[in-house]
Amino acid sequence: MKKVLSIYFIRLFFIFSIAYIAGFLLPYKGFFPYKELLNVYNLPIFIKAFANFDGLHYISIAQSGYYQYQQAFFPLYPIIIRVVAIFVGKNYLISGLLISNLSFLLACIVMYKLLHLLKYQNVPWFILLLFLFPSSFYFSTVYTESFFLLLFLLVIYLHLKKKYWISAIFSFFCVLTRLIGLFTLIFYLPFKKKQSSIVWLIIFPIFGLIIYMIYLFLTVQDPLFFLNSQPIFGAHRSTSLIFLPQVYYRYLKIFITANKDNAYFTALIEFFIFNFVFFILILDFKKRYKTNIELTLLNIFSLVNLILPTLTGTFSSIPRYAVMSLSIFFYLGELKNRSIKIIIAVLFFCLQVIMLSLFIQGYFIG
């Protein structure tokens, strides 16, 4: 546990150091809405940059409630930001950063306990690869990643500890944080208690989504507005289902016809990370499905987590979503060839430095 905590704080120092240095190496772009909200906070620019892009939407919602189309962002995280801000002088930026970084610290502790509960033999490699994953810096930003990770790990850990109802409560909170939280119900399907208990456990995450849909119906007369507002946040997103072959076609067209600019580089990163993670998840599924029900269920969740966003017709933001497909770290940590693991870790590290630097300087990278 002490090693995990030590690595956590080393990682935090590394993340903020890279963010500071990025300001000297890259010109600032910063083309995203609500950036004027950061002007009121008397903090260094590189600290404020951890709320770039979606982070400003969460701060805006926490501060003033939903504006038009912001209902794409689920409510629990900004509600928590608003509550914590009461204790830090109404500083919503500090509140968001505290929640995200404290959530990730607690998530690391729960993760350590979960890995030992699962009798996983490669804990150091799992933790290291998670920390080095190209988009893992989002765990320290004003995004939902770390808060959702904490809730998600608590769902699994408490379920394995047979504290089913407490686990179900956290699954309810998961879906109020991100839509993918609905699929935590996967972990209750092989439940061996009474059939009625299975139904009630599955209802918890569904009920969380229903509550938000009722709120949307009452406020904007569209219970599916969290989906129907998606095109506003991406030029290539669609409200109709777009299947994977068509997404591949779109990206191949980008690679052939688009200008070699920042958007082109972002598309390359999205394409590479999706295919790398997808390939590893397929290998992991083949390895688990006959031998380990818990890790098989986690793999199914990881696949859904990866593929669900592509149904809007794009790999946009896949680098960020992919970090929640935890099965890849189970598989990579168990690779027998140490040299391959080192190569992957170095590749992850280099990509994270690049992506973090671009993010801090206002370039969209997912």
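Easy rule for this one: first residue shown is 1, then count along the chain.
Every residue gets a Cβ built from N, Cα and C, even glycine.
On a predicted model such as this, the values are computed, not experimentally measured, just so you know.
Taken from TrEMBL, the feature transmembrane segment applies to 7-28 (among others).
Residues of the same chain lying 6 or more positions beyond the ends of the transmembrane segment (40-60) and with a Cβ under 8 Å from any Cβ of it are 16, 19-20, 22-23, 30, 32-34, 67, 70, 73, 77-78, 81, 91-94, 96-97, 140-144, 359-362, 364. The transmembrane segment feature in TrEMBL is assigned to 40-60 (among others).
Sequence-distant neighbours of the transmembrane segment (72-88) (same chain, 6+ residues past either end, Cβ-Cβ under 8 Å): 54, 57-59, 61-63, 94-96, 98-99, 142, 144, 147-148, 173, 175-179, 212, 215, 225-226, 229-230, 232-233. According to TrEMBL, the transmembrane segment annotation covers 72-88 (among others).
Proximity of distant same-chain residues to the transmembrane segment (94-115), defined by a Cβ-Cβ separation under 8 Å and at least 6 residues beyond the stretch ends, is recorded for 1, 4-5, 8, 12, 41, 43, 47, 50-51, 55, 58-59, 62, 77, 80-82, 84-85, 88, 123, 126-127, 130, 139-143, 145-147, 149-150, 153-154, 156-157, 160. Look at TrEMBL and you will find 94-115 (among others) tagged as transmembrane segment.
TrEMBL lists 127-158 (among others) with the feature transmembrane segment. For the transmembrane segment (127-158), same-chain residues at least 6 beyond its ends with a Cβ under 8 Å from one of its own Cβ atoms are 4, 7-8, 11-12, 15-16, 50-52, 54-56, 58-59, 74, 76-77, 80-81, 93, 96-97, 99-101, 103-104, 106-108, 110-114, 117, 164, 166-167, 170-171, 173-174, 177-178, 180-181, 184, 187, 269, 273, 294, 298, 319-320, 322-324, 326, 329, 332-333, 341, 344-345, 348-349, 351-352, 355-356, 359, 366.
Look at TrEMBL and you will find 164-191 (among others) tagged as transmembrane segment.
Annotation source TrEMBL lists transmembrane segment at 198-218 (among others). Counting residues 6+ beyond its ends, the transmembrane segment (198-218) has Cβ neighbours under 8 Å at 71, 74-75, 164-165, 167-169, 171-176, 179, 181-185, 188-189, 191, 224-226 in the same chain.
Summarising the annotation, TrEMBL assigns transmembrane segment to 263-283 (among others).
Under the heading transmembrane segment, TrEMBL lists 295-312 (among others).
The transmembrane segment annotation in TrEMBL covers 318-335 (among others). Here the transmembrane segment (318-335) has long-range neighbours at 120-123, 125-126, 129-130, 133-136, 138-139, 143, 145, 148-149, 152, 180, 269-270, 273-274, 277, 280-281, 283-285, 287, 295, 298-299, 301-303, 305-306, 309-310, 341, 344, 355, 365-366, meaning same-chain residues at least 6 beyond its ends whose C-beta is under 8 angstroms from one of its own.
Long-range Cβ contacts of the transmembrane segment (342-365) within its own chain (Cβ-Cβ under 8 Å, at least 6 residues beyond either end) map to 15, 18-19, 21-23, 25-32, 35, 46, 49-50, 52-53, 128-129, 132-137, 141, 262-263, 266, 269, 319, 332. Residues or ranges marked as transmembrane segment by TrEMBL: 342-365 (among others).
Counting Cβ pairs closer than 8 Å to the transmembrane segment (295-312), the top stretch among 7-28, 164-191, 263-283 is 164-191.
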